[in-house]
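According to Swiss-Prot, the Ca(2+) 1 binding site annotation covers D73, N75, D77, S79, E84, on the basis of sequence analysis. Here Swiss-Prot flags D109, D111, D113, Y115, E120 as Ca(2+) 2 binding site, drawing on sequence analysis. Under the heading Ca(2+) 3 binding site, Swiss-Prot lists D156, N158, D160, K162, E167. Residues or ranges marked as domain 'EF-hand 1' in Swiss-Prot: 24-59. If you look up Swiss-Prot, you'll see 60-95 marked as domain 'EF-hand 2', on the strength of sequence analysis. Residues or ranges marked as domain 'EF-hand 3' by Swiss-Prot: 96-131. Sequence annotations record features per position, and here Swiss-Prot assigns domain 'EF-hand 4' to 143-178 based on sequence analysis. Look at Swiss-Prot and you will find G2 tagged as N-myristoyl glycine.
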Amino acid sequence: MGKKSSKLKQDTIDRLTTDTYFTEKEIRQWHKGFLKDCPNGLLTEQGFIKIYKQFFPQGDPSKFASLVFRVFDENNDGSIEFEEFIRALSVTSKGNLDEKLQWAFRLYDVDNDGYITREEMYNIVDAIYQMVGQQPQSEDENTPQKRVDKIFDQMDKNHDGKLTLEEFREGSKADPRIVQALSLGGG
């Protein structure tokens, strides 16, 4: 991606209109806003956390924002270029349920081994609880560990202590509240 330019090239726009759910006009608008917030064309992890803090002032979104940042940063170079940003935004804001669940699975599967372990699930659920601050939950979900236990009871069909993409997808579709919780962090 080399040197960052403030002008969006037509081939980049064409690629993004093909690869995302955004129109050329929307892409140009998002690019303008992106450059306003990130004049050098790169969004750092600290900048990303700062954005989340604006939306979740009552909690601490730092941990969750860092985890989401990792999924946005497709090439793992420590910053988010506009193309990475718009592709992730397309899925999280306009994608269909399967695309959103695939994206969420990548978020939860921190080590990218194709499974979500209890520890990985706990990591995300704990980050979400920190982000939203204290909100009343039912007795069986009032701690991150209880929430993880409940999710695994529902989703881990073969009881091997880890979730495959298929188990995650089916379990999420069977429980609309899980999908609602996912959209909390998905954008």
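Cβ from N, Cα, C; glycine included.
Taking only the Cα positions, the spacing between D73 (Ca(2+) 1 binding site) and E167 (Ca(2+) 3 binding site) is 26 angstrom. The two recorded residues, D113 (Ca(2+) 2 binding site) and S79 (Ca(2+) 1 binding site), have Cα atoms 23 Å apart. The average pLDDT for the domain 'EF-hand 3' (96-131) in the predicted structure is 93.
Cα spacing between N75 (Ca(2+) 1 binding site) and D111 (Ca(2+) 2 binding site): 15 Å, rounded to the nearest whole number. With respect to their backbone Cα atoms, D109 (Ca(2+) 2 binding site) and N158 (Ca(2+) 3 binding site) stand 18 Å from each other. Remark: secondary structure over the domain 'EF-hand 1' (24-59) totals 25 helix, 3 strand, 8 coil, with classes taken from DSSP. A gap of 34 Å separates the Cα atoms of E84 (Ca(2+) 1 binding site) and D160 (Ca(2+) 3 binding site).
Considering only the binding-site residues D77, S79, D111, the residue whose Cα is spatially closest to the Cα of D160 (Ca(2+) 3 binding site) is D111. Of the listed binding-site residues, namely E84, D109, E120, D156, D160, the sparsest Cβ surroundings within 10 Å are found at D160. Looking only at Cα atoms, E167 (Ca(2+) 3 binding site) sits nearest to Y115 among the binding-site residues S79, Y115, E120. Each residue contributes its Cα atom, and for N158 (Ca(2+) 3 binding site) and Y115 (Ca(2+) 2 binding site) those atoms are 13 Å apart. A 10 Å radius around the C-alpha of Y115 (Ca(2+) 2 binding site) takes in these binding-site residues out of D77, S79, D156, K162, in sequence order: K162.
Long-range neighbours of K162 (Ca(2+) 3 binding site) (same chain, six or more residues apart, CB within less than 8 Å of its CB): Y115, I116, T117, R118, D156.
The Cβ of S79 (Ca(2+) 1 binding site) has L42, L43, T44, E45, D73 as same-chain neighbours under 8 Å, each 6 or more residues away in sequence.
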